Amino acid sequence: MKDDFAEEEEVQSFGYKRFGIQEGTQCTKCKNNWALKFSIILLYILCVLLTITIAILGYKVVEKMDNVTGGLETSHRRYTEKLTEVESDLKKLDDQAGQKALNTNTELSSFRSDILALRQQLHDIAEKTTRNKDTLEKLQESGNVLDDRQSQIRSALDSNSFMIISVNKTLQAYTGYINNLQQDTSNIQSDLQNQVHSHNVVIMNLNNLNLTQIQQRNLISVLQKSMEDKSLAILRIKNDFQNLQQVVLQARKDTDWLKEKVQNLQTLAANNSALAKANNDTLEDMNNQLSSFSGQMENISTIAQANEQNLKDLQEQHKEYENRTSAKFNQLEERFQVFETDIVNIISNISYTAHHLRTLTSNLNEVRTTCTDTLSKHSDELIFMNSTLANIRLDSASLKMQQDLMRSRLDVEVANLSVIMEEMKLVDSKHGQLIKNFTILQGPPGPRGPKGDRGPQGPLGPAGLKGQKGEKGEPGPPGPAGEKGPPGPIGPPGEKGGKGSRGSPGSKGQRGSPGKTGLPGPSGDPGPPGPQGKDGPQGPQGPPGFQGLQGTVGEPGVPGPRGLPGLPGVPGLPGPKGPPGPPGPPGPGMPMALQSEPTSVPEANGCSPHWKNYTEKCYYFSIEREIFEEAKLFCEEKASRLVIINNKEEQQWIKRQISGKGSFWIGLTDSEKENEWRWLDGSLPLYTNWKTGQPDNWNHGHGPGEDCAGLIYAGLWNDFYCEDVNNFICEKDMDKEQIFGV
């Protein structure tokens, strides 16, 4: 630049000394000077033009710099606005994540409270089961005590039966002694014929003894009548022994009274098989004694003379024996009274235990139904909670993915912003240098010089300032699980928590199935004797006996006990069909329906009264309650059957009919083969409407299970014990004749 200015000074000094004045003499030199002057003038003009263009260019450059700075400011504002928007979006996302976290925390807390309530309910159920176990153990102990008492009663009854057998044997021996006192051989032979006939009758009755207990009692009454006939014959033969006969009658009164007591004991202990066997043994002994009696009667004729001397001794012995027997009878009466009181106490205890067992089974049924309902509800709630947890996990995973995407986007945006800021810093530095260069160029610039050689490389600049700390990076993937550490020491027991708030009462459970029917009650005391029956038909005429001696008229005997009614006879065969009757006179010409009034007007739907019609079938909905077999027999007596449900429409119609009326039997059972349900006609069900969890064949762990089906509330099917008492539904085909008025 200095060289240029020096040249310009030299040129100026050369030109301005003589500006077209002193060059007249030298022509060539003048021409050269004028050319130089003209060139200098042109140079000045060019310099002025250059300065003007440079000024214009500088103005344009300044305007462009102003535009660039304005654009930088607007871009900076836009970036700041975008950054604020991004920060607000991040805050909104953080708020939403916090709200979702709070919602998840509340749901988890409610879930924990529900789990605690479930645990409390399970704990209560466990306590109830322990209580029921205690009650069952007590019942088992009471059952064992009852078994011991029953064994004692059986032993006492065995001893009583043995005593009765001994008394019967003594009485038979006593009758044998009395029979040995007969003297008149002719009368004894006639009596023997009667005895043989009665013996044949007794043998025939003994053959029919094993059929029923009623025939056995009739046979005993026949034997008693034969003994009374024999005693009357002895009274007619022996007029001298009237006093002895009165004593015998008194003894027989006592025996009849004793037999009545024995019959009462037999009715009270009807289920005692040992007593029945003892009665059979006594009857067999009586048969043997009767057979021996026929042999003894043959020897009576030889022994009669010897017995005359022993009559007085026998009378004394008989008096002593009477006293002994009266004392023994008094003792037996006292023992029987004690036994009766013991039996009454035992029966009351058994009835009390049976009632207690019924209540316990009903309670167990209620507990079972409540447990099943609560378990089903809890299972539904757990399934719903599992589904909600799965949804929460999916939502949390999606939120995590969105957060990761937002973080990656933020990182990219921040990196882009950092790059843009660096670029803007560089642009600002360049603009600053340009502005400095523009401020230095104050004077008019000179002409551009030649390009100089490249200078040496300058030293490195100082290191820049340390940048700000970057944001926290994304969490890395989880590392592998470490080895399990040693178990730590057991911590101290925590403090007992405060009592939680009482939970809301649960919803009312479904109605449980009815309990099993109780055991049959004990047989009651025998009722008072009924009125005297009518005289029976006359028996067959016996063979004529020998003419006996005329005896004295004896005292009227004590009326014997009333005999039991006989078995109903076998119905006879139907008689032959009679000949057709003559035709009747012609009637008036009116229809038969108008001539006779029907006894019971059938309904217009073709069903009997109290029956309902549906799809060409009649249905009977019972008001009374029966067990399954009784309900089946009732329907069969009505020429129908227990209902068979074949489709959903029939099920819905029956459901509407029985709503709010309890449980009803249907004709479905698996009694033939377990878990193979069939209708009573043997067909498999094509349509079912079981309650959830049914049939469960619940049998309390003992005895037969639930083998009969019925309808419960809402028309659902459930399995019951066949001994349960329910209503029932009968079904039969519609009588089409009633529809047409036939």
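Each residue, glycine too, has its Cβ placed from N, Cα and C.
Source: prediction; values computed, not measured.
With Ile644, Asn646, Glu650 listed by Swiss-Prot as binding Ca(2+) 1, the candidate from Glu423, Glu483, Glu723, Glu731 annotated for that site turns out to be Glu731. For the Ca(2+) 3 site that Swiss-Prot gives as Gln694, Asp696, Asn718, Asp719, the extra residue drawn from Glu676, Glu706 is Glu706.
Cross-referencing Asn689, Asn697 with the Ca(2+) 2 binding residues that Swiss-Prot gives (Asp670, Glu674, Glu706, Asp707) picks out Asn697. For Cys722, the partner cysteine in a disulfide bond according to Swiss-Prot, taken from Cys635, Cys708, is Cys708.
Within the set 71-101, 443-473, the record from Swiss-Prot flags 71-101 under the feature coiled coil. Per Swiss-Prot, Cys618 makes its disulfide bond with Cys607 among Cys607, Cys635. Neighbours of Glu650 (Ca(2+) 1 binding site), defined as other CB atoms within 10 A of its CB across all chains, total 18. A sphere of 10 angstroms centred on the C-beta of Cys635 (disulfide bond) encloses 23 other C-beta atoms. Confidence in the coiled coil (271-334), given as mean pLDDT, stands at 74. Among the binding-site residues listed (Asn646, Glu706, Asp719), Asn646 has its Cα nearest to the Cα of Cys607 (disulfide bond). Residues within less than 8 Å, Cβ to Cβ, of Cys722 (disulfide bond) and separated from it by at least 6 positions along the same chain comprise Ile627, Phe628, Glu629, Thr669, Ser671, Asp707, Cys708. In this structure the alpha carbons, written CA, of Cys635 (disulfide bond) and Asp719 (carbohydrate binding site) are 20 Å apart. When the neighbouring Cβ atoms lying within 10 Å are counted for each of the binding-site residues (Glu674, Asp707), the highest count belongs to Asp707. Taking only the Cα positions, the spacing between Glu706 (Ca(2+) 2 binding site) and Ile644 (Ca(2+) 1 binding site) is 19 angstrom.
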